[in-house]
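Engineer: The structure is given below, and queries will be raised subsequently.
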């Protein structure tokens, strides 16, 4: 079973490698650092856990709203432009949060960074799907998601090492903003198919792909909820955020190192079966997580849950990649990113609010509810007869 990047001709492999690099270094800051640092820094600045969770939700709301305009931007520009906006936006947010977390600049910087996230996200995911050979799609996407998971893992680790040093964190963000610009020169323009416009057409596209929306939503809900809540939960339980930061890193690490396996399973069995396996893993791990504390057993559970969440998002991307032509695929990938974003918007606010109310049972209850309801809805779809039958 191949656990490495599949063999691809150099004329395709080189652009793919540069897209992966650009996406990886951006991911470190845009999700790995920001999703943990933003609520933690605002909480430590005396603004409260709920304020930090709400600000992170606003970050993802900006990402969601930007998704409705990203297609128009990509049709008219080379990838260099959205990657420039992306890097500038997250660099500004890191500087503001590190040097002035109580200032009025945090809100506009957060919103700008959310727009930057969706630009980078759709550009890189779209180009990956556009360039990947059809017979290697699962493994190419799995390799990309491995790097995305590694980027998220590095975020909490960087905060644990340098979170108190504003200059170092700002320097890391600057480097992460510059590298994608050099990669962009070797990227082709992204292919975008024309689609019907208007609110009604957008709504119909979401309805047509409601199962895809559901899978991506749960992935975003659980992942961002865990990244934002685990450090705060640890800080409440032990007085320090360190244990939660490491649990968050292990959670993402599980999905990271198992992504080649996830892609292989999808290539052999299909992304729908992959999604079912991941939902089952979430349901199996929820209650043990509440009883595990912060030891080795807890780390094993977080590792397994990380595999499940990463597998759900990969399944959603691969379902989108099976669409009718490359331009159409990119349009459905926008739905995937927006659905993930919806989950990411709800996750931090729900997680931090429930954490204040019931403590360490907050995350298990949210996992049980989100995965359980999703399984029921997908089962109803499978058992509902088609019209006229």
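Every residue, even glycine, has its Cβ placed from backbone N, Cα and C.
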Engineer: For the record in TrEMBL, which of the ranges 167-187, 188-208 is the transmembrane segment one?
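Structural biologist: Within the set 167-187, 188-208, TrEMBL attaches transmembrane segment to 167-187.
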Engineer: Counting Cβ pairs closer than 8 Å, which of 54-74, 303-321, 358-379 has the most of them with the transmembrane segment (106-128)?
Structural biologist: 54-74
Engineer: For the transmembrane segment (212-232), I need the partner stretch with the highest count of C-beta pairs below 8 angstroms, choosing only from 12-34, 140-161, 244-262, 274-297, 358-379.
Structural biologist: 358-379
Engineer: With pairs restricted to those 6 or more apart in sequence, evaluate whether the transmembrane segment (244-262) and the transmembrane segment (303-321) have 3+ C-beta pairs under 8 Å.
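Structural biologist: These two stretches do touch.
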Engineer: Which sequence-distant residues neighbour the transmembrane segment (140-161)? Criterion: at least 6 residues beyond either end, Cβ under 8 Å.
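Structural biologist: Distant contacts of the transmembrane segment (140-161): 4-6, 8, 16, 20, 23-29, 31-37, 40, 124-125, 128-129, 132-133, 169, 172, 223, 227, 231, 242, 245-246, 248-249, 252-253, 255-257, 259-264, 266, 306, 310, 313-314, 317-318, 321.
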Engineer: For the transmembrane segment (358-379) and the transmembrane segment (12-34), decide whether they are in contact, meaning at least 3 CB pairs lie under 8 A, counting pairs 6 or more apart in sequence.
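Structural biologist: Between the transmembrane segment (358-379) and the transmembrane segment (12-34), contact is absent.
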